[in-house]
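A.B. asks: Submitted below is the structure of interest, expressed as structure tokens.
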Amino acid sequence: MAVLSSADRASNEKKVKSSYFDLPPMEMSVAFPQATPASTFPPCTSDYYHFNDLLTPEEQAIRKKVRECMEKEVAPIMTEYWEKAEFPFHITPKLGAMGVAGGSIKGYGCPGLSITANAIATAEIARVDASCSTFILVHSSLGMLTIALCGSEAQKEKYLPSLAQLNTVACWALTEPDNGSDASGLGTTATKVEGGWKINGQKRWIGNSTFADLLIIFARNTTTNQINGFIVKKDAPGLKATKIPNKIGLRMVQNGDILLQNVFVPDEDRLPGVNSFQDTSKVLAVSRVMVAWQPIGISMGIYDMCHRYLKERKQFGAPLAAFQLNQQKLVQMLGNVQAMFLMGWRLCKLYETGQMTPGQASLGKAWISSKARETASLGRELLGGNGILADFLVAKAFCDLEPIYTYEGTYDINTLVTGREVTGIASFKPATRSRL
């Protein structure tokens, strides 16, 4: 077989390619003027049962502020950065100015929102872009909340004010390569040494980890065998965080692999309130509610996009909205959004009155994320060929829902949490083989 020289290969490629092969893509307004892309975000049309009336004036104001910021600052750029799998760091000050980082934490420069207001803000961010909502959720409802619930007074005063302004960013590292759903079996270790601790181990799928200023690391105390929590600073000797490539969902989120090799953490940065795996549950109880509101917001955005698209796009001489099949799918999506919102709202009220159980939170996250997948699938059908373009939101949202369906407890694990609560029987491990 003859081996072509570089010059010959270049010549052959030139012969194969057309004269217009390397031209840049058309602007969407030129290529497809028949419908408006998501860079100009559609108005909200999904609140069919007027759930906004259930919100307090404060909660309504937060919704309005976040919606305006996301539509103005994020919608025009999100497709570009999603495609590049990069986070738009230049908008971080804008996200900080929304005043939602820190959520329900009171004091220390945090907003002290109600759980409902925090949830509404989460949904409004996710309505436009799921990656931005995950960035905020990891930073606020996991990283900051762990310091607020489990940290010392000195740690709260030192770290929370800067985090609340998004001047610094946090991540939360629990998951490991060998321990996802079985997080309580984590293998990262913390060994007591003079003046502090030596951390060794590996974490995976950690959002914000490649650029976070503070990393909340959970490790097993080699003396007590219990789970402890630590605040690790970026660039600590022995710490390395590298980006996980080739994701198909939440592409703007910088998920990373974290390697810890004899990372020294001073005693002052050990979280005194984390002394067992159960202590992480105080944080996860709140974050799981917030995660349930992400697919609510995503589904709102999908519905809004499809509602506008069906009225703009014409086939057979009429808007797509004029056809019975399309109306049926659109109404099914609308019904899903109403039911999802109502379940999410009730979860918030149960939490605010101290009645919410882990099983209720798990059922909410599992059922809502499942209905969101159905909503995204219907939306993809309604948009036809444009349903596979990130420019029209639905394809992007379709992909972004997949990791959300999995993190903070897979659908199956969350059903087992609820199942344990309603039956009194834990079924996380294989049952003993029957002798029958």
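Placement of Cβ uses the backbone N, Cα and C atoms for every residue, glycine included.
Residues or ranges marked as N-acetylalanine in Swiss-Prot (evidence: a large-scale study or a structure entry): Ala2. Taken from Swiss-Prot, the feature FAD binding site applies to 172-175, Ser181, Gly207, 313-315, Gln324, Glu381, Gly385, 410-412, Phe428, supported by experimental evidence. According to Swiss-Prot, the acyl-CoA binding site annotation covers Ser181, Asp182, Ala183, Ser184, Arg288, Gly409, on the basis of experimental evidence.
Please go over these features one by one and say how buried each is and what sits next to it.
C.D. replies: Proximity of Arg313 (FAD binding site) to non-local residues of its own chain (separation of 6 or more, Cβ distance below 8 Å) is seen for Gln34, Ala35, Pro319, Leu320, given in sequence order. DSSP gives Arg313 (FAD binding site) a coil state; it is part of no helix or strand.
Sequence-distant neighbours of Gly409 (acyl-CoA binding site): residues of the same chain at least 6 apart with a C-beta under 8 Å from its C-beta are Ser181, Arg288, Ser362, Lys365, Ala366, Val417.
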A.B. asks: Please name which of the binding-site residues listed here, Asp182, Ala183, Ser184, is nearest in space to Leu174 (FAD binding site), Cα against Cα.
C.D. replies: Ala183
A.B. asks: Determine the Cβ neighbour count for Arg288 (acyl-CoA binding site): the number of other Cβ atoms within 10 Å of its Cβ.
C.D. replies: 24
A.B. asks: Any idea what the Cα distance is from Asp182 (acyl-CoA binding site) over to Asp412 (FAD binding site), rounded to a whole Å?
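C.D. replies: Rounded to the nearest whole number, the Cα-Cα distance is 13 Å.
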A.B. asks: So, three-state DSSP: helix, strand or coil for Leu174 (FAD binding site)?
C.D. replies: coil
A.B. asks: Within the chain of Ala183 (acyl-CoA binding site), which residues six or more apart in sequence place their C-beta under 8 angstroms from its C-beta?
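C.D. replies: Result: Leu174, Thr175, Glu176, Phe277, Thr280.
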